[in-house]
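A short write-up of the structure that comes next.
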Amino acid sequence: MRYQAREVGVDGRVRLVLEGALTARDRVGVQDFVLLENFNSEAAFIENLRRRFTENLIYTYMGSVLVSVNPYKDLEIYSPQHMERYRGVSYYEISPHIYALSDNTYRAMKTSRRDQCILISGESGAGKTEASKKILLYYAVSCPAHQRMASLRDCLLQSTPVLEAFGNAKTLRNDNSSRFGKYMDIQFDFRGVPVGAHILNYLLEKSRVVHQNHGERNYHVFYQLLEGGTEEQLLHLHLDRNPQKYLYLVKGNCPRVSSMNDKNGWKALVKALSVIGFTEGEELLDVIGSVLHLGNTQFGEEEDGQTYVTTEMELKTLTQLLGVDGAALTEALTHKKLTANGEEMISPLTFEQAGAARDALAQAVYGRTFTWLVEKINQSLALDGSSVIGLLDIYGFEVFQHNSFEQFCINYCSEKLQQLFIELTLRSEQEEYETEGVAWEPVQYFDNKVICDLIEEKHKGIISILDEECVRPGEACDLSFLEKLEDTLGGHAHFVTHKLANGKTRRVLGREEFRLLHYAGEVNYTVTGFLDKNNDTLYRSLKEVMCQSTNHIVEHCFRRGELVDQKRPEMAATQFKNSLTKLMETLMSKEPSYVRCIKPNDAKQPGRFDEVLVRHQVKYLGLMENLRVRRAGFAYRRHFEAFLQRYKPLCPETWPVWQGELAEGVSTLVQYLGYKPEEYKMGRYLVLMNTLYQRRWAVIQAAWRGMKARRRARRRRDAADLIRRLIKGFIHRHEEYGPDNDYFLDHVRCSFLKTLRRNLPRSVLDKSWPTPPPALTQASEELRQLNMRNMVRKFCLAILPEWRKQMDQKVVASELFRGQKDSYPPSVAALFLGTRLGDEHINLKVVQTLGSEKYGVSVIKYDRRGFKPRPRQLLLTGSAIILVEKTKIKQRIDYDALRGISVSRLSDGILVLHVLCEDNKQKADLVLLCDHVIEVVTKVAMMANKVDQVNVSQGSIRFSAARSKEGVVDFTRGPELKVAKGKLNTKH
């Protein structure tokens, strides 16, 4: 806001300078209507709204009520910095904002431990949905966080794009009008942390699926799919990007809206579904596509009156998307099933009835899918909390050129909310004064209970008459319903029809219309379609087909239990009335806060203020009556005990403890503060004041100015001293530690240690280390070594025994063969096994002799005579090396008799086991060939404790052969391994 003065705090955060901001705001009207001088003047009220609106000040208080004017443009007042500015701040301390109301409600919930609710009201296009989104965003960002908070916040915020895509549409008055009612409970734990949420939806306008008025659109999701869906998705759904090809999308003749980007909307929807955790994405697309194909399903009529489907391709696609039987669906669309005396009969539908059945199916599929979507969102948000803040974003009052059943229900809802507002703010306030015995002049206001009774009264209300007409035997129709209304309600002051009206009214009231005089104005309703929409019936045959669907969403939406239940379901209007009754009970159980939204013009143009339109809304929202009650009454009310506890420090006689009666203590306190008798009243239990908060504001403001000035002076003094010490320390930084440089050197050391803490190596392989200042070089090296030892210790402690053994063997193998033998590098990555021969590969007799604790591997042994290759099994036990041929132990070499082990430097698998000549049991050295020479030699060396006796020969290997002869193994490089006998008993 351009009038706000600012200052930078010690933490670097930009803060609002309170007194400068207050002065600037006072120059742009008043920020609280209660402070309006001419509070009885409607013109002054509207002029204050206009002045603030012109300066982009869209929010104004009226006591605890927030009045919001839709700016029809983006304002830079919703950033995280603005959220931080309003968090934890007193409600009237800075400029009015929806964040202030949100924060005040949140703090009231935490301090009083009572559930709260925020009621957002206003007509369509006044900004109710945007207000609810801003409140949700504030709680998601500014409330304390916990481990589930991130996912909950994302699900909470991403539920909005999903509900808007499936539940919002363009109307004549609003490009993003909510066509359903939404009540959300945000659940908090005892610490005030959001832990869950739950959404209730009310009366989706299902008729919009099949019909839209001129200049309006169907629900956003259809246009978003056609505009933003991929080619593969549209090909699968057999859809074209042109919305003009679908009958359910052309009736409003408004395929695109300049203020909306359907492609971006589709991207946002896909992202939201992913975040919330929808796994039925493809099936959901099938349902959306099926609705469009249902609209394009057409019928023909034969000469005998039989109806048949003329669009076979559409029907084929439809059955594929819905996952139902094509023949059964065709039959259900052209015939209905009747039950009489326990017998079922099939009756053909007329051409008009078939079209109505198709439309009813489309509405049922879409409406039930929307309810399923809300259930899925609730599952992602489900977690009970100890406290609740309810958020009501429900229909605004609607008046169109043609108003039908939906507008009747929507305006009935508006009447109930207005009645609740009157109950909680006007009537209850005046009743409280009577209870307290405080004399005051009552304020006259219009109580709309008479209109609510006209609609909902049992047996005599419009809803009861409508239900009776829907169920009575005989030929009931919309006109007969109108006639019954005239007979029953003919003398009511708020009900008029063409028959009951005077001559002047008859000119503008059709013969199929009735007029209700709502609190917000007169509305003419066309009765055409009232009975069908109230019945909301879907032929049983169509339900049976849908229950057989293989699409999981459709299967969930059409339960088989519906076919068994013989009880007549409640009519749509009665269901809605009962839902509203429960909603009112829920809201009455909570402490309410109000956001009253006002639409500045019908053209949705920024900066344009239509006084006539605004005056009408101010009137029907009851804002003037509310203002007069608050001004004529007492804005501040507290119980004696709470008042005395809070303000007793202001009076020497009441501080620190008041010993007498509470009422006497309160009276002593207010008299000491200089209040006049007309400025306060003493009730039976409460003290009531009409100007206390203004006086209190002045006192707090003066104290606040003084405290801020003292803080500012202290900060400047401390900052200058700090800068002086740092500069002096920098100059003497190379000298010995002393008074001239101690602060600077301590700061350098502290900064290095903080940097080191943030950048410590994470593993033993990480050799990085921050560069220390010169004074800390030695200490840095000590810390680096300590840290490395600590990481090594932690690493070693975390190693499992089997991995420790593996690493020991790998270390020995590295010492023996790294850089020595060509076959070593490929063996590094391969694990050494405990054995390469299971017991099933070794003869049972040998296993019984040696036991099961051994290492085994297959080898080739070369004879002493002729050096012929013989397949053998080499077994390593705890004390000896065993050479086995099938069932026979051929040779045993005790580890003590092992003189050494020789291998070549090449990649061959030859190894020679040298034995002691004095051992008579051993005839000669063993020459073996093994595929795992690195592993075998390492294990033999470790088990025999002969690591120092392993020889990697750079040339030939000499060995003792039979009869005290000596043999030589020569090695030459070649493309493949070959072993051949040469002259002088050598091998190659």
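Positions of Cβ are set from backbone N, Cα and C atoms, glycine also.
Bear in mind that TrEMBL entries carry predicted annotations, made automatically and left uncurated.
Looking at 580-602, 718-740, 741-763, the range tied to region 'Actin-binding' in TrEMBL is 580-602.
Taking the mean position of the Cβ atoms of G122, E123, S124, G125, A126, G127, K128, T129 as the ATP site, the remaining residues of that chain whose Cβ falls within 8 Å of it are N70, N174, G396, C597, K599. Annotation for E123 (ATP binding site): spatial neighbours R173, G396, F397, E398, A520, K599, Q617, criterion Cβ-Cβ under 8 Å with sequence separation of six or more. When the region 'Actin-binding' (580-602) is classified with DSSP, helix, strand and coil residues number 9 helix, 8 strand, 6 coil. Confidence across the domain 'Myosin motor' (29-705), taken as the mean pLDDT and rounded to a whole number, stands at 85.
Most buried of the binding-site residues S124, T129, judged by other Cβ atoms within 10 Å, is T129.
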